[in-house]
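Working notes for the structure below.
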Amino acid sequence: MEPDQAEALWRRRRSWVYAAFAVGLVVFVVWFGIPTDRLGLAALATGFLSIGLLGRGWAAWRRMVLDWVPFQLVLLTYDYSRGFASPYSAGQMAARDYPTRGVHNDLGLPLQVDLPIDFDQWLARALSLGDTTPTQWLQAHLHAGPVDGTAIPWFALLVSLTYCSHYLVMPVTAVVTWLRDRAEFRHWMSMVVTLAVAGLATYVLLPTAPPWLASSQGDLSGPPVLRLTSEGFDQVGLGMVGSALSLGQHLVNPVAAMPSLHVAFATLAAGFWWSRVRRPWRGLLAIYPLAMCFSLAYAGEHYVLDEVAGAAYALVILLVFRWLRKDEVLSRNQHAPSSELVSRRA
């Protein structure tokens, strides 16, 4: 068989496998929800990339694995070490028993409850919202009743999808950059790992109760804060997806709130793509972190203080890596032969 014919055959085979992959993914999401665990997302990403390498030989597949595995191992270590930052025992986690007063983690550091409440109440007063928090104000004005399926606002699905997009932004960006430019892939993943490690360190040093937890324990005065991240799926008959999301939320450290990594990764992704897309798309990039901030505050997942901290972490990492990249390019140019520099300028 001629090389062109062989490549055409493999192209058709890859198309069929991609189609089967897409159908399988849709069925999985409908029945089990959007995958949020690192191992499942890594398997999806590498599976998708492996399809594109069918017929290209083992060397191409081995190169892909060597690119992805080191970063994924670091992120898996991060995921499984988050439990050590939690001040709750395995029994408390299983029973969903999360006291907030007199609680310390293994390092003896106390759970922060009042700090974010005080900041958000100050912010609400500064915005003339009254003696409340932005989360309570949003729920009082935008959510008419209890979480019972009878008072779900029209935008609830957008809130749920925005919240869940956090689990897809990192791997999707990684896949796109790996396909386009492996140097860009390494740049993105290095920032992701740095942000994850910085977040984990803060979870250990500053465990912080989110609004829904503080409210459930009576620490937050005023109307109760509902946890609304999954109710949008109930709105469109995907209650199983919402249930899977709620279950996943209770399997992780419930006081890993400061900083908000949902906001941090949304800001990191927007900043990363800002100079890589055409100007009309930048409006959407700017909206994404703001939509994430609204969704998290409205849904009772984070205080505004958590969100500000998350955005600050991401912006610092973007600036540091931008400086490192410029310094790397400058150093490479300084050590390049003069003939090479002339050819670059030509």
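Here the Cβ of each residue, glycine as well, is placed from N, Cα and C on the backbone.
If you look up TrEMBL, you'll see 151-319 marked as domain 'Inositolphosphotransferase Aur1/Ipt1'.
TrEMBL lists 16-34 (among others) with the feature transmembrane segment.
Summarising the annotation, TrEMBL assigns transmembrane segment to 41-61 (among others).
According to TrEMBL, the feature transmembrane segment maps to 151-176 (among others). Remote same-chain residues near the transmembrane segment (151-176) are listed as 34-36, 41-42, 44-45, 48-49, 68, 71, 142-145, 185, 188-189, 192, 228-236, 242, 245, 261-262, 265-266, 269, 272-273, 291-292, 294-296, 298-299, 301 (criterion: CB distance under 8 Å, separation of at least six residues from the stretch ends).
Residues or ranges marked as transmembrane segment in TrEMBL: 188-206 (among others).
Beyond the ends of the transmembrane segment (255-274), by six or more residues, the same chain brings 82, 85-88, 98, 111-112, 116, 163, 165-166, 169-170, 173, 188, 191-192, 195-196, 199, 202-203, 206-210, 213, 281-282, 285-286, 288-289, 292-293, 296, 301-303, 305-307, 309-315, 317-318 to within a C-beta distance below 8 angstroms of the stretch. If you look up TrEMBL, you'll see 255-274 (among others) marked as transmembrane segment.
Only residues 6 or more beyond the boundaries of the transmembrane segment (281-298), in the same chain, are considered here, and those with a CB under 8 A from a CB of the stretch are 134-135, 138-139, 142-143, 158-159, 162-163, 165-166, 228-229, 260, 262-263, 266-267, 269-270, 273-274, 304, 306-307, 311. Residues or ranges marked as transmembrane segment in TrEMBL: 281-298 (among others).
Sequence annotations record features per position, and here TrEMBL assigns transmembrane segment to 304-324 (among others).
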**Fill in**
In this predicted model, the domain 'Inositolphosphotransferase Aur1/Ipt1' (151-319) has a mean pLDDT of 89
